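Chemist: Heads up, here are the entries from TrEMBL:
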type	residues	note
BINDING	GLU28, ASN283	substrate binding site
BINDING	GLY60, GLU89, GLN94, SER120, ILE142	S-adenosyl-L-methionine binding site
Amino acid sequence: MASSMKSLVSDHSRYVESFRRFLDNSTEHQCMQQFMDEKLPGIIARIGDTKSEIKILSIGGGAGEIDLHILSKVQAQYPGVSINNEVVEPSAEQITKYKELVAKTSNLENIKFTWHKETSSEYQNRMMEKKELQKWDFIHMIQMLYYVKDIPATLKFFHSLLATSAKILITVVSGTSSWNKLWKKYGSHLHRDELCQYVTSSDLMQMLDKMGIKYECYDLLSTMDISDCFIDGNENGDLLWDFLTETCNFSTTAPPDLKAEITKDLQEPEFSVKKEGKVLFNNSLSFIVVEA
């Protein structure tokens, strides 16, 4: 392994840029919005019954785009009911973007926002120090469990915070996605950051089964256009390489044989489909709905 290869997560600014390129080149957000539009109304149909205030906890809320989409669905289901929306997010930069988005979004009058700059484990520790744990009507964890050290303990803790008829919505990559194949085959060859775990919906379902927790899982197809990865020196492709491998400057620092092998695999049918001259990586997502 080349010593110059380093974790992408530890280089925060490059990570943020590579993540932005991933969103620009994938159907990730469209896939999430499709789920929110088609499935979420049924999922939240009973979370606020007979309640004067609906309490929502966002773990890893990021810049807030998906959060506001969720909140709009809750508002539609429970018009005029007060919503207390608390956000746990470790990045000050993301919180600032979230606040800016709230400031320019209309129809949020009945929602109270509170932001906590902390990780989910810091939130958990802070809550455990209190004598009385806050109960929530809806908790969501969108694409954040990769950054949790002890996932079963995290799931157990947040499940214990659910009020009557409450739900947790978890989003992770699907066990049927190409991420699963990529991580299994190459995970040991890449510079893994202790902050980042390779986890898919298949792993989470096993954990939930073991704990005897009830859930439902929905899979939605999503793709990422990785065509630029195969053009030498392409900036967009280089940043997508970083995102795919969780490695900073992978394209220029990886051992040539490793890069050549992954390059070949990424164009194979088990990883990607070729459509209209594009190479589309299988980025399928799972939406796991956990019941109280």
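Cβ atoms are placed via backbone N, Cα and C, with glycine included.
Where the annotation comes from TrEMBL, it is an automatic prediction and has not been curated.
As the structure is a computational prediction, the values presented were derived from the model and not from experiment.
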Chemist: Express in Å, rounded to the nearest integer, the largest CA to CA distance found among the S-adenosyl-L-methionine-binding residues GLY60, GLU89, GLN94, SER120, ILE142 named in the record.
Modeler: 15
Chemist: So which of the binding-site residues is most packed in, judged by how many other Cβ atoms lie within 10 Å of its Cβ, out of GLN94, ASN283?
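Modeler: Checking each of GLN94, ASN283, the winner is ASN283.
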Chemist: Setting GLY60, GLU89, GLN94, SER120, ILE142 aside, what same-chain residues sit with their Cβ within 8 Å of the center of the Cβ atoms that define the S-adenosyl-L-methionine site, listed in sequence order?
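Modeler: Neighbours found: SER58, ILE59, GLY61, GLY62, VAL87, VAL88, PRO90, SER91, MET141, MET144.
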Chemist: Roughly how many Å separate the Cα of ASN283 (substrate binding site) from that of ILE142 (S-adenosyl-L-methionine binding site), to the nearest whole number?
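Modeler: About 15 Å separate the Cα atoms of these two residues.
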Chemist: Can you count the other CB atoms that lie within 10 A of the CB of SER120 (S-adenosyl-L-methionine binding site)?
Modeler: 21
Chemist: Taking the Cβ of GLU28 (substrate binding site) as the reference point, list residues of the same chain whose Cβ is under 8 angstroms away and which are at least six residues distant in sequence.
Modeler: PHE22, SER222, MET224, ASN283, LEU285
Chemist: Within 10 Å of each Cβ, count the other Cβ atoms, then let me know which of the binding-site residues GLY60, GLU89 comes out lowest.
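Modeler: Lowest Cβ count within 10 Å among the binding-site residues (GLY60, GLU89) is GLY60.
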Chemist: Residues with Cβ closer than 8 Å to the Cβ of ILE142 (S-adenosyl-L-methionine binding site), same chain and 6+ apart in sequence?
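Modeler: Listed in sequence order: MET32, SER58, GLY60, GLY61, GLY62, ILE66, LEU169, THR171.
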